[in-house]
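J.: According to Swiss-Prot, the feature SUMO1 cross-link maps to K248. Residues or ranges marked as SUMO2 cross-link in Swiss-Prot (evidence: similarity to another entry): K280. Annotated domain 'GST N-terminal' per Swiss-Prot: 1-82, in sequence order. Swiss-Prot lists 271-432 with the feature domain 'EF-1-gamma C-terminal'. The feature N6-acetyllysine is assigned by Swiss-Prot to K142, K207, K396, K429. Swiss-Prot lists K429 with the feature N6-malonyllysine.
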Amino acid sequence: LYTYPENWRAFKALIAAQYSGAQVRVLSAPPHFHFGQTNHTPEFLRKFPAGKVPAFEGDDGFCVFESNAIAYYVSNEELRGSTPEAAAQVVQWVSFADSDIVPPASTWVFPTLGIMHYNKQATENAKDEVRRVLGLLDAHLKTRTFLVGERVTLADITVVCTLLWLYKQVLEPSFRQAFPNTNRWFLTCINQPQFRAVLGEVKLCEKMAQFDAKKFAESQPKKDTPRKEKGSREEKQKPQAERKEEKKAAAPAPEEELDECEQALAAEPKAKDPFAHLPKSTFVLDEFKRKYSNEDTLSVALPYFWEHFDKDGWSLWYSEYRFPEELTQTFMSCNLITGMFQRLDKLRKNAFASVILFGTNNSSSISGVWVFRGQELAFPLSPDWQVDYESYTWRKLDPGSEETQTLVREYFSWEGAYQHVGKAFNQGKIFK
């Protein structure tokens, strides 16, 4: 796969290959591939007449360009759509990404990266278009985990990659909060192992990036100026460091300017620990998790928990899904729980939970018992943790009460009468 580094269009094929098992070797740097040079050579143009990247060459000599075509080629039947109807819907969303998302996303994001001039009216129009797109997706995803069917397809891969720079660069919390279903789906996808293997850890935008006129000016190629005679007195009088700086500034911006900018943006400082302000606690959650994972729950893990639990440094909470009437198939309800856990991945060091699905198809409920660092709900501490929690009611538990003792025992062991539920245990999920 010929491409330049951090090309979001190439990500589509690489993520698809993670799902299908296709072995793809990436050539994105000299001497194998130099963007702006290699793709203009006669040899490259014989294989790929458009001279565009990404471009794919198979071991058997098969060549194809255009990112959607490459992603389709390296996919399997499940990703492409296993029925004619599903396949048509996949093509629908892939086309939608190109026609409805790429244009406004480019108009809005590119100026903030310093690679396109800013036009206020065009940017405002682009923002409106992005709102429309996110709203359309939000309505579609209200009752769906993924865009087509119950598993990831090329539709999800393509639309996620197309939205990637919007979420990283300009969709700050206040803008994206109006689209909870789209946010939930996006976070579910990027936290799948196959996505993470290609994208790494995606940091969502915290403050909308703005156009920087200076950055834009610096990114433009400089006009040629008359060369001074070698060894001129004026040149010799300047300090060596200053001459180097002038030489560096005079160099034209490389054709890969977008990619260098993307890489710089990706190299962001590590986020602060949202729990750093809390005093140290004697309760070591990781040790309890080891007991819970490796020892008997009732005879070892629970006694350890109550013996070491620090009620001042930690708190217990009972949660219940607000909309049980919307729960239909049990496997879809389980997807709600799993998706929430995936989106809370960074919370694992400071939380533990047992969440249970009760009942059967079209008659079920979800509730759980959570352990959090501190005395308040942890979700408001990070925008990334706020996607799901408002879909649940939360009640703080008294560690000393008999009710809490019963809830912790039943939910942590997955055994008991669950008299407060009124439905039979179906299955449970552990967040640890």
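Just so you know, glycine gets a Cβ as well, placed from its N, Cα and C.
Just so it is clear, the model here is predicted, and its values are computed rather than measured.
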J.: Where does K396 (N6-acetyllysine) sit in the DSSP three-state scheme?
T.: strand
J.: Check each residue in the chain of K396 (N6-acetyllysine) that is at least six apart in sequence and keep those whose C-beta is under 8 Å from its C-beta; list them in sequence order.
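T.: Non-local contacts for K396 (N6-acetyllysine): S315, L316, W317.
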J.: Indicate the candidate from K142, K207, K280, K429 with the smallest number of other Cβ atoms within 10 Å of its Cβ, considering only these recorded positions.
T.: K280
J.: Quick one: what's DSSP say for K280 (SUMO2 cross-link), helix, strand or coil?
T.: coil
J.: Rounded to the nearest angstrom, how far is the Cα of K429 (N6-malonyllysine) from the Cα of K280 (SUMO2 cross-link)?
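T.: On Cα coordinates alone, these residues lie 29 Å apart.
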J.: In the domain 'GST N-terminal' (1-82), how many residues does DSSP put in helix, strand and coil?
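T.: Final tally across the stretch: 34 helix, 8 strand, 40 coil.
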J.: How big is the Cα-to-Cα gap, in Å, between K142 (N6-acetyllysine) and K429 (N6-malonyllysine)?
T.: 22
J.: Over the domain 'EF-1-gamma C-terminal' (271-432), what is the model's mean pLDDT?
T.: 91
J.: Through the lens of DSSP with three states only, how would you label K429 (N6-malonyllysine)?
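T.: In three-state terms, K429 (N6-malonyllysine) counts as strand.
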